[in-house]
Amino acid sequence: MTSILIIMFSVILTNNFVLSQFLGICPFLGVSKKLDSAVGMGVAVTFVMVLATAATWPIEVYILDRYDMGYLQTVVFILVIASLVQLVEMTLKKYMPPLYKSLGVFLPLITTNCAVLGVTIMNITDGYNYIESLFCSVGAGIGFLLAMVLFAGLREKLENCKGIPDCFQGVPITLITASVLSMAFMGFSGVVEGIFG
Amino acid sequence: MKNSVFRENVFPVIVLVCICLITTLALAGTYNVANPKIVENQRKEADEARMLVLPSGDSFTQYEGKLSEGVIDCYIADNKSGMAVTAEYKGFGGNVEVMVGIDAGGNVTGVTVTNHSETPGLGTKAMTEKYLSQYGGLNQVTGGHIKDDPDIDAITGATITSNAVYCSVEEALEQFDECGGVK
Amino acid sequence: MSKLQIMTKGIIKENPVLVLLLGTCPTLATTTSAVNGLGMGVSTMAVLICSNIVISLLKKVIPGKVRIPCYIVVIAGFVTIVQLLLKAYLPALDSALGLFIPLIVVNCIILGRAEMFASKNSVIDSALDGLGMGIGFTLALGIMGLIREFFGSGTVFNISVYAGTSITPAGIFMLAPGGFFVFAILVAAVNYFTKDKSVRKKEFGCKGCMMADSCGAACERKEADE
């Protein structure tokens, strides 16, 4: 139990996927302009991460490792993720139209989100068992959501800023903001060890 | 009509399957070429790492007998000067893997951390050469938790990592007894 | 467009990292030293050129319906080949880049070029396009790696430059905030120097991304709903 809590805390706060491991930067910068779309994207990513881990972990352990085909990992994982995203999209569209309306638009973007492929591969290389892997994915998703929401809030404020030098307007000032936010997250290092240490 | 069904639905599937098959074949080929080299690299790297903890060793042979709990592998120096044991224990970000060199007399000759996912700059403080050198020369650690051992200090704020290293060393020393010394 | 133009446009005018703002994840994550940045750049370039050539060769065979999965399989195949070769011949680089080698698969630059260029142009043009984009990517990563290494660990290509002085390197440049910061400065510098010449990027671009159509359409639909 403690190990699961430690994994979750560290992946949400100290080893946050976006702000300290640089995974999923594209949607973090691209879809964080408005708070509600940031939340939608975050929830969709969390959902797909957990599903992808649930599917890829058994494939790796029971098929690829068993038959010594570890070199197919990248090909298999990305195909599984791409088809999962398609399946989820079709299912939501058919059976849960309200949910599809709020989350569906983000789904096609997720196939190429490196955080999803990243978390599935990381679970294997870090040697987590099935339960730990699933919780690590949930944590990674929540961490992503948290970073997105915080950053969307900051960017809404940034819109009203006056006096930004000309060449810094737009992308560069957004990156500087991200830098400050990730510096704030560095403050969490040690917090988790303080709790469980 | 039949023809268009074929073009619309069957043909794409055939193309995709073919591409998958060709890719798999190409990968299997590359793997067969690259794998011996990869295995050799890993072996060489591992031997070099073992010499860091057991400087008197030269080449190593894997110990085939029973491994005690937490021990991943155990290699005995071919010149019988000691052994290098890799053991793991749960750290903060995952398992911390530690390699311990033990000489023929059962004393620790060196400790290195071989694999971990601890917090850089904090958990990694328990992996510095200076910190790990306090294990040198010990022939036993009084079990349990690092906090209960007066001889070994933990890094403040990184107790879990320090303890993972500590418990790994303990496991390695148990393995030495399990082997019944260097034989 | 002449052959030379196809190749050189990726280096400055359409630099994938600093102008098109694609592939930001490896740009930030692997540039802790110049060698790592260049290594990542060259690996990506190899995959980009090979996948561009193969996809251009297969452009008549691949049906539109399944083109994205086909591209992904081809790209993933080349990524794994690069990964295996690195493991075998440059193990140090492989362990430094770690997770980000398999993640080349989801680098938007590669899928973007497959979709936007290789699937519509001749084999030679596609190879040149891949080469140019790859050089642009490698250069950007190399420069960024050099800057972060210089300030963050006080070395240039692993040779210490602060030796004999009392300057302590600012380690934060090697960490996440430093990555964002240096990237911001570089983009700002490109903005400054190309003020009138190139189209200024105001937003993070989906332009080169293969999801551009569905994503853009999705965003518009979402806004229309509200």
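Counting begins at 1 with the first residue displayed.
Note: Cβ is positioned from N, Cα and C throughout, glycine not excepted.
What TrEMBL says about a protein is an automatic prediction, not a curated fact.
These numbers come from a predicted model, not from an experiment.
According to TrEMBL, the protein has these features:
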type     : residues  : note
TRANSMEM : C:39-58   : transmembrane segment
TRANSMEM : C:70-90   : transmembrane segment
TRANSMEM : C:96-114  : transmembrane segment
TRANSMEM : C:126-147 : transmembrane segment
TRANSMEM : C:167-193 : transmembrane segment
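Three or more CB pairs closer than 8 A are found between the transmembrane segment (C:126-147) and the transmembrane segment (C:39-58), so contact between the two stretches is assigned (pairs 6 or more residues apart). Sequence-distant neighbours of the transmembrane segment (C:167-193) (same chain, 6+ residues past either end, Cβ-Cβ under 8 Å): 15, 18-19, 21, 24, 27-29, 31-32, 140, 143-144, 147-148, 151-154, 200-201. Proximity of distant same-chain residues to the transmembrane segment (C:96-114), defined by a Cβ-Cβ separation under 8 Å and at least 6 residues beyond the stretch ends, is recorded for 16, 20, 22-23, 25-26, 29-30, 33, 35-36, 39-40, 43-44, 47-48, 51-52, 55, 68, 71-72, 74-76, 79-80, 82-83, 86, 129-130, 133, 137, 208-210.
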